[in-house]
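Student: One structure is given below, represented as C-alpha cells, and several questions about it will come after.
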Amino acid sequence: MSSPNTWSTGSTVYSPVFSQKMTLWILLLLSLYPGFTSQKSDDDYEDYASNKTWVLTPKVPEGDVTVILNNLLEGYDNKLRPDIGVKPTLIHTDMYVNSIGPVNAINMEYTIDIFFAQTWYDRRLKFNSTIKVLRLNSNMVGKIWIPDTFFRNSKKADAHWITTPNRMLRIWNDGRVLYTLRLTIDAECQLQLHNFPMDEHSCPLEFSSYGYPREEIVYQWKRSSVEVGDTRSWRLYQFSFVGLRNTTEVVKTTSGDYVVMSVYFDLSRRMGYFTIQTYIPCTLIVVLSWVSFWINKDAVPARTSLGITTVLTMTTLSTIARKSLPKVSYVTAMDLFVSVCFIFVFSALVEYGTLHYFVSNRKPSKDKDKKKKNPAPTIDIRPRSATIQMNNATHLQERDEEYGYECLDGKDCASFFCCFEDCRTGAWRHGRIHIRIAKMDSYARIFFPTAFCLFNLVYWVSYLYL
C-alpha cells in the first residue's frame, strides 16, 4: 500500500515534492529562453541580422539626459561666444571632400560636395555625469553658440535637408563641441587659360569668420584635416585630380584682420576632347589645302573651290573651338594653333591666286606679231640659252615664251623677280632670288609641309615640355 504523499503510474512512482521541483526548473528555463515560448513575427525576422555584433552598453535613463540638457541651457546665452572678453575662441576645422565637379570654364567656377566639421571648447557646456558625450540632432544647433563661418569665394551654397537636416552636434562632458554639416558649394576659380587646353589650375575653397576678427576667433587645421573620397566617382570630365594643399593666412580689411583658411585643389586638363574636336580636324584641313598644289594650274574652278572651301571650314572650326572658352582678351594655345592653321590654308589659296595672275597676264600673241612686223631699232644680244653655274651644279635656263610678261622698258621676262634671263649678271638685280613662276607649285609642295611640320614641333615642345 502506497503512502498518501506518493502516487504511481505504471511502474514509476512520483513524489509531490519531486513534481514541484521539476515545475520550478521548467519555469526557470522558459524565463531564460523566451524564444521557446514566443514565436518571432515576420517583422522581427526582417530586422534580424545573423552577423550582428552585440555590444553591451550601460543603460542611461532618458530623464538623466534631459536633466543634463536643461541644466546646460539654463542661463545659457547663445549670442555670446565662449571665453568672450578673456581670450580668442580656437576653432579646429577639418573637411571631407565627397566629390568635385563639374568645372565650368565659361563661368570660371566649380562645384564641390563636402562634409565640414568644426570643433571648439565652451566651458559653459561642461557637465558632471557618467555620460561622456551627448549625441544630439540638429534641433539643438540653434540653442548653443555656433561659429559664423562662411565661404568667401562661394557663388552659391546649399545645405542638404533630405530626409532630415544633414547636421550633427556632439557635446563632451569637458565642454568640447563638434559641429558637422554637409554642403554643396559652387565656388569661384579664376582660370588662367594662356596654355589652354594644356593648362593646370589650383581652384581654392576659402572660409573664415564673417564678423569675428582674429582677436575674437582663430581657425586652425587639424591633423589630416582634408580627406578625399573615391575620385573615380567625381564628375571632372575634362580634368584630372592631381592633389590638394591647405593654407592659413591673415587678410586685412577695414573691419579688422581675419584668419582665412584655404584649400587648393590642383587640376590638370585632359586633352582628349580637344584633340578630337579641334586639333585633328584643323590639321586635316591644312593637309587638304595642299592638294591644290598637285592640281593643274589651268583648272581654275577646281583649285578656287578647294581653296575657298578649306578657308570657310577653318573659319567654322575656329568659331566652334571658341565656344568652350570664356571671352578672354588674350591668346590661348589653341587660338594660336587654329590661327596658324588658318594662315596656312589662306596662303595656299593666295599662292594659286598669285600663280594665276602672272600666268594669265602674259603678253598676247597679237602684240608679239605686231612687234615682229614693226621691229624696234634695237640690237638683240640675248642668247637663246644660257648655262648658269649655281651651287656646283649646271642649270640650263631657257627662255620660255609661254610664261613671259611685259616688264621694265618693254622687255619680256621669263622669271619672277627678274627681267633678264641671267638674273645673276644684272647689276641692278644683284642679290635677287631667281624664281620661275611656272615652278611655284613645285616650291609650295616642299615649303608648306616643311613649314607646318616645323611649327608643330616648336608648338608641342613649347607647351608640353617648357
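Even glycines carry a Cβ here, placed using N, Cα and C.
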Student: From the topological domains that Swiss-Prot annotates, would Lys143 and Met440 count as being on the same side of the membrane?
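Tutor: Going by Swiss-Prot, Lys143 and Met440 are on opposing faces of the membrane.
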Student: Quick check on the record annotations: which of Asn128, Asn392 is tagged N-linked glycosylation site by Swiss-Prot?
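Tutor: Annotated as N-linked glycosylation site in Swiss-Prot: Asn128.
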Student: Of the cysteines Cys203, Cys282, which is paired with Cys189 in the disulfide recorded by Swiss-Prot?
Tutor: Cys203
Student: Sort the residues of the topological domain 'Cytoplasmic' (296-301) into helix, strand and coil with DSSP and give the three counts.
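Tutor: Secondary-structure composition of the topological domain 'Cytoplasmic' (296-301): 2 helix, 0 strand, 4 coil.
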Student: Using the structure shown, find which entry in Asn128, Asn246 (the glycosylation sites) has the sparsest Cβ neighbourhood within 10 Å.
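Tutor: Sparsest of the glycosylation sites Asn128, Asn246 by Cβ contacts within 10 Å: Asn128.
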Student: Of all the disulfide-bonded residues here, Cys189, Cys203, which one's CB has the most other CB atoms within 10 A?
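Tutor: Max Cβ neighbours within 10 Å, all protein chains included: Cys203.
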Student: Between Asn246 (N-linked glycosylation site) and Cys189 (disulfide bond), how far is it from one CA atom to the other, in Å?
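Tutor: Here the two Cα atoms are 16 Å apart.
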